[in-house]
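**Q** Got a structure for you, questions after.
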Amino acid sequence: MGRSSKDKRDIYYRLAKEEGWRARSAFKLLQLDEEFNLFKGVRRAVDLCAAPGSWSQVLSRKLRGEEQEKEQEKEQEKEQAKIVAVDLQAMAPLPGVTQIQGDITKTSTAQEIIKHFEGQPADLVVCDGAPDVTGLHDVDEYIQAQLLLAALNITTHVLKYGGTFVAKIFRGKDVTLLYSQLRIFFGEVTCAKPRSSRNSSIEAFVVCQRYAPPEGYVPNMSNPLLDHCYDVDFNQLEGPNRVIVPFLACGDLSAFDSDRTYPLQLDPSKEYKYTPPTQPPIRPPYEQACRLRKSNLLANENSPSLPLDEGFSSLHLSANQDADVRPPAGTAEDGGKLDDK
Amino acid sequence: MESVLIVTPVTALEFLGEDYLLAGDGPVLSVYNLKTSPTTSALLSVLQNFRIHGIRPHQQQGDKAEHTSVAKKEEEEPQGLSWQQRAHLVVFGGKAVRLVELKMGELPSLQPLGPLIQLRDWVLDVHWLDVRGDLLGVTLAHNATLLLDVQKGSTLALCSCEDGCLLYSALLVGPCWKSLVVVGGTIFNQLVLWRPGEGTEKEGGRNMVGRVERRLLGHSGVIFSLAYLPKPGWLASASDDRSVRVWDVGALGGEAGCGAPSPTCLRVLYGHQARVFSVKLSSAGAFSAGEDGVCLAWDWDSGKVTRALRGHRAGGVRALAVSLGGAGGGGYVATGGTDGGIRLWSLKEEDSGLEDAGVLRDLGFEGVGCPKVVRVTGGRGLRQRGVVITTDQGEVYSWEEQRGWQLLWKGGAGFCSYNVMEVLEWWSGDEMCAVGSLSGEVWLFPLSQPSAGIRLKAGTGKIHSVLWVHPTGGRGGYLLASGAEGVVYRWQIDTELVGGAVVLNTEPLGPFILPPCAKRWLTTAVLISRPEGALWVCGDRRGSLLLYRDKAEEAKADGALQPMSVLFGVHGKQGVTCVCEHAGLIYSTGRDGCVRVSRLDASALEVLRVQRACRGMEWLERIMVLDPEVNPVEGEHGERHAGEVRLILGFHSVYFVVWDLVRQERLLSVPCGGGHRSWSYWLPQSPGADGAGTVVFVKHGAVMASRAPEETFHQQGGWELKEGIHGRGVTCVCHLGAVRVARQHWEILATGGEDTTLTVLTIDPRSRALRVLALITDHISSIRALAVVRRPGAREANDTKPLLSVLLFSAGGRAQLQCYRLLIGANGQLGLPSCQVIQVASHRLDEQWERRRNRHKTVKMDPETRYMSLAVVSDGTEGVLLAAACSDGALRLFSLTETSGRFQLLWETFYHQRCVLSVATYLLKDPQGCQRLFLFSAATDGVIAVWDTNTVRNLENGPSSDTCWKDPPSPCLTFPAHQSGVNTLAVWEGHWDDQGLSQAGGHWMTVASGGDDGQLSAVCIQVQFHSKEVEGSGLTLNLYARSVEPLAHSAPLTALIPLGPRLLISASPDQRISLWDRRGSSLRHQGVLFSHVADIAGLTAWQGEERQTWVAVCGQGLQLLRLEAEGDGK
């Protein structure tokens, strides 16, 4: 298996590299837009959990136009749509996107967003964030739900009435509880699956339109928005009262198929050339461990773990080097992580 | 519907003293009594729809606690058991907490105390707060802690942390609510310490908020697990960053509050190859386990790994528990895997010898010259174990622990610089030694009386090898000496005692002639007695397997024997290393890294299965069958794969390795310097002595022995309390049949997984026992589809008839297709079914590419095709027709005849131009009585295509000839059924109970499909046959009545199966299994069951005995369900 095998197995991974997207997930937002016209009339958009920034890239290209020169010519800042990207991590800058490095569970972050919009609420909030998965489905689904609810909570602070909220969900055992909760805040909730998202993956997106919080609802960040529970007798667990929202597949059928494996030579006239990833992952948690493994410094029965003081500090990356987005020196795992953020 | 058996990742383990182990597997709490043999256990489903993530027994501390407990129990149940035999447990997971009582004893039992307590948020840790057993501290995922009265199920107090971020893990320390300390591992990679009892009122008294008192930074990933050891006040954290950190936090809880004001990080332990899921601290040290499947034991002082416990398949260790150890130290470690298995490891003898398990012992050869060949003696008997060697001076020395080195025999000049030797354990308790020279001389002598030796002549050239063959059951032995030019001289040897002296009787037999080749000598031989005469199965240096028959008349005439059957070079150019017989089959190993299983017919050998023993291990030396009667490997803890444990000995780079072929794990690894050396091996003598056996070898002129670690056999791979199946997702499941063994009813299933293994397993529904019968590791990528033909092979009529014989097809990634004949029989010794695997055929689309020599230099342009689904059509004759849905957009048809052992690609169509996800077939008889085969295929665009194979088949050329398949035409019918991918198809005969349809006439079939959109849809198709005159296919298909359930599931519908005349069963990753009534005029929902198998990918269902219906689902685990009887399901 060479470096090109992923290009064959995942056409959107390859296309993302070739078109300069930071992650293949850019196509998902583009295809959601094809179906729902998400960007129509949007002047202010927020991208939550934005890193590495592919959705911000889409917002930037779609809301502000492709050519930057045109933008400079016009010099009409007021006419331009405003985009705010929020993430804990820093990411490489994007034209026309304001970055806020902050926590989406903090009121201060919401205030900062509103400040960038000069007091105006946002028209669109998107969130493609996914947690560090544990591999245990119940835990991962729960944490993903909490991330979505945290995103919903900050959205209630910044979204205008009638606005749209798009977020990633895992279609797992308790997804119906999330649906029922989103229904409280939005006039219309649809479960959408862009064709660039694999058929085999439980990932999907909720497109929540017509924001209309319950009467008297006061946005509050001091308490987390908890997810719903099944009723006491568990009638909803196996019963017919489960809330299942309509499903909509998005994207043109003539587009590439994310499940299909393609030959490397897609177009007979154009020879295949390997394209390196647009942006390697920014400092993954396992970076230090990989570095140690490469230098054969992991502890085993024969050699101890490195003592804390000597030798270690030279390898250790301080936790405060936040501004440093330099890609790591090509660890073996780098290639595999572009997939989704 | 009732759940019979469930195997899911083990997510919680806890010891209760040294005698009981508690485990959580899905919602099921199990208890194992470790002191009974065999282990007894009980189980109880306690958490409804939640998975158990923790178990906390109520610790009865001090005498006061015991007295109160005693008093209370006696009131309740005067004649009942005393307090010692009961324990209260709190079990938690998800958003639920439940109190359970454990009754200890020979047969432990579990009983829920009160209902399930549901909380608003996810529970991360639970801690008993008082001695009476009423109050619990409970930490929730949003960093809040509550005081819970577990008897009443009411919340008495709630306090949130000011840092309200999400936690991945939490730990509660302290004796009471007032002084309770919470340690939280946050989503931001930090550890925060705070006290809920010290919270202050905020927001007008509505909320209690606690202040963060300590914050520990350093991890660069989220924290999965926490552990605290009060003495000396250390806290350990395990993280996504693959490290474990140990912090000096001092005393926590009680008077001490949050401990040391500025805690320091004592150690950062990097040793895992992947994420660390669990950490535990005990006085013996720190233990950590993770995604790499290894549990590491760390030494406090040096930061060294003292032991690496490896026993779980891919997917890693999820749960870890360490017992405190009794008075004599020791104790246990228990590990629970993603594979659903539980293993127990003893920590006894921890200080002696475990640290240097890999250290070698030099036996200190004291004689003259340089050791050449080494052999062990006393291998199996009760005699003292020893070693014999030959030297380059032509001498033989022996060594025993007590007596040291002794010169036994001098061979003289002829045996200098070159000699070969073999030793056989003699029936008299003695040991017989044979030494061969460069000039055709063979000396034969008993080790006890070297002077009684005799000289034999085996030609005049170099003796390449001497071999002993022991006749099963007989006394004496056969000596084979492989001389020059492929002549193998043979003698039958026996001894008698004459006046205290051993007298050797030799009788020459006709020599074997080896097939001509460059390296023409014998490397191994085994004698098989058959009624028609003795058969010899031999292996030679050229890699050939040879079969000879002793012909009495020819032997008398001293006639040389030519092989009856030759499998030339099957084991590759590096040679065969070992052949042996077990249960009627011949096993052979070679330096090609393969184990071959062969069948011996009257006149020929036939290879049934080739198995690569261990990836990367290219040099196999020997295969050993551990006969349970000769080698009682069962420890005090009972059952193992007795009689089935096949040890593989071989070299893996510079290591000598003992590998367990059944469990696919390494038992012993000795750094000997690699192959090309003389070695010999002692089997484990008894469970107590030296678990994995001992290897003796020659290295740099020294005789070395691996120092046997002081462990018992089962501790090497851990004592397996519960067998795991697949380490990662199970993608497909298939029911093969049911058999009766030892008056028990066993269901036989096959599963394929993302871990690339194919497992044949058996379930006894009554005892809920699951056993893996065979593990097939031929796939190089994830397996995605299985198909079965339940038909015995043509040959089995002659053989001893198996209980069940099926043809199993598996397909998956890298366009790999495999076919096996599985013979299910009975293992008499164990009272279990057994499974023999015969490889019938194997196929890959890119075989051409794999054979190219320069492939590493070029880029492979073909797509990496995956097979997504398989459907089989057994057309009644010898051949089998197989349809495969392929990810490169093709639908392919293969044929296979079992006798030819080859798949043939007959036909392919790229009609869909998208990833084809599912395929189904349907056979119909037309008015002429001819069979018409319809194929159904569906892709990611939601379109279903129907193919009439008669239009692509040219019947004049015969049905199974590969030339008869024409170019693909277009499908005879296509219709959109779903918005996106169609994951599953089911086809049956007939239509809805609809008057209109009945009147329309013609043949009817109904196609149901399940899609990624969660929709279940079904359509009726009318098939109308036309008379011959009409051109074309002679039939038309019409779509009729459609039934659609758009929201059948809240997640993709991944599996669908019709059962009996009325039921349709669907399953989805939303973890619901739904029943649909397919009579009437549309599909009607009949019932639903929540399943604890996450990410459900496959489903199978069958009618069993007594009108019982069985359903098995697979995903992140496996579950077997029973539908009581036809008509049930409400």
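Quick reminder: no glycine exception, Cβ is built from N, Cα and C everywhere.
Annotations in TrEMBL come from automatic prediction, not curation.
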**Q** If TrEMBL gives A:G53, A:W55, A:D103, A:D128 as binding S-adenosyl-L-methionine, which of A:D87, A:D138, A:D140 does it give for that site as well?
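**A** TrEMBL names A:D87 for this S-adenosyl-L-methionine site.
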**Q** Rank the binding-site residues A:D87, A:D103, A:D128 by the number of other Cβ atoms within 10 Å of each Cβ, and give the residue at the low end.
**A** A:D103
**Q** Where A:W55 (S-adenosyl-L-methionine binding site) and A:K168 (active site, proton acceptor) are concerned, what is their Cα separation in Å, rounded?
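**A** If we compare the Cα positions of A:W55 (S-adenosyl-L-methionine binding site) and A:K168 (active site, proton acceptor), the gap is 12 Å.
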**Q** Would you mind listing, in sequence order, the residues at least six apart from A:K168 (active site, proton acceptor) in the same chain with a Cβ closer than 8 Å to its Cβ?
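**A** A:C127, A:D128, A:G129, A:A130, A:Q144, A:L148, A:E203, A:A204, A:F205 - these are the non-local Cβ neighbours of A:K168 (active site, proton acceptor), listed in sequence order.
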**Q** I want to verify one value. Collapsing DSSP to three states, which class is A:D87 (S-adenosyl-L-methionine binding site)?
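**A** Assignment for A:D87 (S-adenosyl-L-methionine binding site) reads strand.
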**Q** Counting every protein chain present, what is the number of Cβ atoms, excluding its own, within 10 Å of the Cβ of A:W55 (S-adenosyl-L-methionine binding site)?
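**A** Looking across every protein chain shown, the total is 30.
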**Q** Among all the protein chains here, how many other CB atoms are within 10 A of the CB of A:G53 (S-adenosyl-L-methionine binding site)?
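**A** The answer is 27.
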